[in-house]
Amino acid sequence: KCSSGYFRDQESKTCVKCACNNHSNTCHPETGKCENCVHDTEGFNCETCKPGYYGNATQGTSRDCKKCNCPLTVETNSFSEFCYLDTDGKSTCSRCQEGYAGRNCEICDQGYEGNSTVLGGSCYKVGNFSRCDLAGSVSQSMTAVGEVRCTCKSNVIGSLCDKCREGTFNLQISNPFGCERCFCSRKSTNCTNFVGSKFMMHASFQDDDLKLATIYSKQVLPHSLHNTADEHYLQRVFSQGEIKRSALFWHLPAKFSGSKVASYGGYLEYTVTYSWNGTKIPSTTYDVVLLGKRFGIGYVGRKLRKIEYENGRRVTYKVPLNEKFWRFSSNSHVSKTLFIVFLGRIHKLMILATPYVEMIETRLHKVKMESGVENKSAVQLPGIERCSCPDGYTGSSCESCAVGYTQSGSSIFGRCVKCNCHGHSSNCHRQTGVCQECQHNTTGEYCDKCKLGFYGNPQTGSTCQPCPCPHVASENSGEPEATCSMDKEGEPVCDRCPEGHEGNLCDRCKEGFTGNPKVPGELCKPVSSCGCHHAGTKSCRKETNRCICKENVEGVKCRQCQRGFYNLQKRNKDGCTPCFCMGFSTTCRASDQSPERIEFSPQSPLPRDLVVTTEDLSRNISDFEVDMHSKLVRFLVNTWFRQSNVYWKIPERFLGNKVLYYGGTLSLMYFFSSLVDSKTNSITNFIKIKGNGLTLHYQDHTRVLQETETNIEILLEENRWQKPDRSIVSRDEFMRVLVHIDAILIPVSYTRQTTESRLGDIVLVAASEKNNFLKPEICDCPLNTAGPSCESCVAGYTRNGRQTSQCVPCQCHSHSTQCDPRTGVCKTCEDNTAGKHCEVCAPGFYGNARNGGKNGCKECLCPLPGSSNRFSETCFLDKDGLPTCDACFEGYTGRRCERCSLNYTGNPSTPGGKCFKVPVKLIPKLKIIPESLTVQEGDSAEFVCNVKSPRPTQIIWSRRDGKALSKRANVEGNVLRFKNLQKSDQGSYVCTASNDIALRTAKSLLVVRKQQLSAVIVDVSPKSRYIPVGGTAKFSCTSKTASRYSITWSRERNKPLPSSSHVKDGTLIISDARLSDGGTYTCTGKNALNIDRAIISLHVGVVVKPQVSVSPRKQIVDVADTVKFRCSASAGFPSATLLWQRGDGRQLPQFSTFFSRTGVFKILAASRRDEGEYMCTARNTGGESVMRVQLLVKGRELVCLKT
């Protein structure tokens, strides 16, 4: 039995490969008839095309048969079921339907009219004028009474196929469905064509804000505006190497952003001039970038159409605003649906400014974009829909939220929900949902709080009422405004009563005050008869005129602070502030110093100490830019920052010792933008201050909203801060932080998935500048202590890193008198010493710095004194009592670095002498071939060490492991050879090439495997060949065994191989063949285990064209008779193959068979359709012979009736 893909030849009784013209891999194992023909082919050998296809199927490719174009290939415009490959290599349709004519049924026959070459078009009888809409109909037909019947496309309705089905719009002839489905941002299924008028939107370089920057504005470059008599244009001239790998784009102004759905089908036109230096290293694949809120797409039409940029020439480009040539960054295509989504929410539109890296100059001359505006009296704009949007949505494609609604959800299409303003506003921000114009005395993001000075429950929709509390503060007094809250019964409770008042409504006078606050306009006033100091007194007892002092105040009239306190103030509930003084003093007074304000305003270049960092300060980034519009520093948030809380760390000028700013204010401008809704994705972030091991959180901060610039004020007083565990901060703890601030951290964002954060206008001012009653202290400090709060030591003293320790002299082992007052680290160590406390010898010196005196550290001789001959920065006293250099520079070696290393030359032991690297061209170059080799035991091996050197070179072979070469190894010059290898020869071998000044080595690997025998099974191909005299035949003989084996060829009956033959790599090649070379040949495979043989046959003869004969030449049969023709070939060499075909090129009858062995062609149950001319072709390498026969079928067709 033959294997799959082969059949048994009846003459030679051998298995022959299926002959299916590469259109099938299987055939009948006995007859050879091909099975499962593909590529639209059929026939005994898959040699003809199926009906409806044409071509030459014997070419053997997947594209041999093409679909008939009669006149088009689509079903609606195919008016012939059959076609064939004509003599000019093109198709000819052979059976045009009634009413159609021409080679491809492309014209209407006489008496018919129409156009069959238009998609959906057809021919119809003259006088029956078609009223079917060509754009909406598939075909048309005539009824018995001569009326036209239209067959509509799937999305089209109407008797004339001229209306779009509900849920679709835009009837177009090119659309196979007629109309396209409504998109409507997936919010509606009802739409019509957009009716409006087109207009052109222009960019004004004088009035509009255009920016030259990278896509996400990480790099912004200035540009200049030039005015000429003819035009205005923008220009940027580049210095060499200024452009990095990131391309620069012209960022178009805001009027090109927002919803531009009406621009669909229009175009963006711009004129640019690109100049480069000739080196064309592309910077990007996009000419235009359309950036949405979270994603972007780029235009690649110019690249796909292979249009090159023109160097130094002014060129105008037109970019169509449809989905065809736009791609995502993954190079995936953009659907029309998604393209409209992007047009509906354009965040930024950008035009390429630098197509190449090595740019000289770029210019932008003109920009204009076609858009549309709705106009009921205008015309329909193709491809643009006008949707019937549900409540809450607006825009031609329902792409925006209507007034009174806001966007919700994170999907690309989003969802609009009603503004949640508790009935106090009908409008809110369409993206964030923050309510606008809150009424009824309310405030807050959702009008959910009462304004200061009002009370109520606005979340129920009720109006906030004024607080019924007295208020006596003047406009500039700094006193808090009267405020109140509601108790459980809904009654107001005043929480900031004026001085001397008490009660829920501040309607009673405290002790020491008199008056009747229930009377409008009358307030509580101090009882003057006591004569108490108003700032230090809690109350006055009328009976005794005794003053009751506040907690930290003393004196008959409460006029002075107790010992250990300072700064008597009326607004201080305890009267005076405790002295801090680092705990070293209890005597202090209020400072009358006013330290200067510290400011930071963004400008280029930005300071390096402004960074964005993690809370533990372990990871920093400073890739910022200055936003020219807001004048703030802008940071575009990276992916890794979105995974954790990150912060702005403000510059160091605001850090360090800031005790004199106690009671002062740190203010800044802040802005952030996020991908998500702040109200549903908020995170708890605090402004933080770090210092002296403490971290404090600011708890009283301004509410910040995304997409809004906010001024934040941070008060430097302890009652505004809390610890991470939310416990209170004492004045002592807060002052310890101010003694040395390590970091002030401002959150990058207050929501997740932040995209951008901005910071700027940072100002630190003292308490005196803000009229704050809190003031910094000036302490009476002990000996050797300094600073307003005794926080520092005088020169020469330190606290050794312990903040609460006394100041002690610097510990520098007599090598310095100066050290850091906080840490104790010594400064300017002398006597060749180094270290935090001058406790070690400086680099280049050795000895004992701790107790060796001024001469304790001696110079390292590596190898000579002086820095010019010191080639190690360190040395140590060795066991022999002498110094050893332990860090010789590259190129030096020896105990004292006194010699040059390998491939270095010179004399470092002479004054001024150095080691120099030997020039590369003088160092031998070598390569071992092969670098690795795997063989079996008993095999031979050879390695060649190829060396190039400008000087005489010596080559030495060795084993890498240091063992001697085995007796089986032989070295001849640069060649290492092995014979009869053993397992012990396995290893790495080194070739060393050296000349008089340098050497170099290379290594190779030899792997020796144990020999494993397996049976040899030979395979020959082909099994037989027919060639003409003088021809060439090749027979390959191989084996898949892993063991070593040999191949030999022999001839039948021990004949010698032909003199013109030779064997190469197991392949027998016989050239210039003679008749006597024909016969059988044997391939013999042999190894130590077995012998295997395979036989091939060679046929050599004179090529003779075959002669074909057919009988009978003509037959006349009745319908349903069996037809039989016999075809044979004679006188041909090699043997001919036979082929039956119809004379007109049509397919052979369905019930016909051909027996190649006997040459019989048979038709079972002949029909009138089988009538015609047939031909048999005999073909070999010498040519072909054809004979034609005629078949006539008479009688009437049989009709089968279904019952």
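Every residue gets a Cβ built from N, Cα and C, even glycine.
A simple way to gauge crowding: the CB of Cys37 (disulfide bond) has 21 other CB atoms within 10 angstroms, across all the protein chains here. According to TrEMBL, the feature disulfide bond maps to Cys37-Cys46 (among others).
Residues or ranges marked as disulfide bond by TrEMBL: Cys438-Cys447 (among others). Sequence-distant neighbours of Cys438 (disulfide bond) (same chain, six or more apart, CB under 8 Å from its CB) are Cys421, His424, Ser425, Gly444, Cys447, listed in sequence order.
Summarising the annotation, TrEMBL assigns disulfide bond to Cys450-Cys464 (among others). The Cβ of Cys450 (disulfide bond) lies under 8 Å from the Cβ of Asn441, Thr442, Thr443, Gly456, Pro458, Cys464, each of these being in the same chain and 6 or more residues away along the sequence.
Residues or ranges marked as disulfide bond in TrEMBL: Cys549-Cys558 (among others). Mapped onto three states, the DSSP output places Cys549 (disulfide bond) in strand.
The DSSP secondary structure for Cys838 (disulfide bond) is coil. On its own chain, Cys838 (disulfide bond) has Cys812, His813, His815, Ser816, Cys826, Cys829, Glu830, Asp831, Ala849 as residues at least 6 apart in sequence with a Cβ closer than 8 Å to its own Cβ. Residues or ranges marked as disulfide bond by TrEMBL: Cys829-Cys838 (among others).
Sequence-distant contacts (6 or more apart, same chain, Cβ under 8 Å) of Cys549 (disulfide bond) comprise Gly536, Thr537, Lys538, Gly555, Cys558, Gly575. For Cys46 (disulfide bond), applying a Cβ distance below 8 Å and a minimum sequence separation of six or more within one chain yields Cys20, Asn21, His23, Ser24, Cys34, Cys37, Val38, His39, Ala57.
In the three-state DSSP scheme, Cys450 (disulfide bond) falls into the strand class. In the three-state DSSP assignment, the secondary structure recorded for Cys46 (disulfide bond) is coil.
Most buried of the disulfide-bonded residues Cys447, Cys464, Cys558, Cys829, judged by other Cβ atoms within 10 Å, is Cys447.
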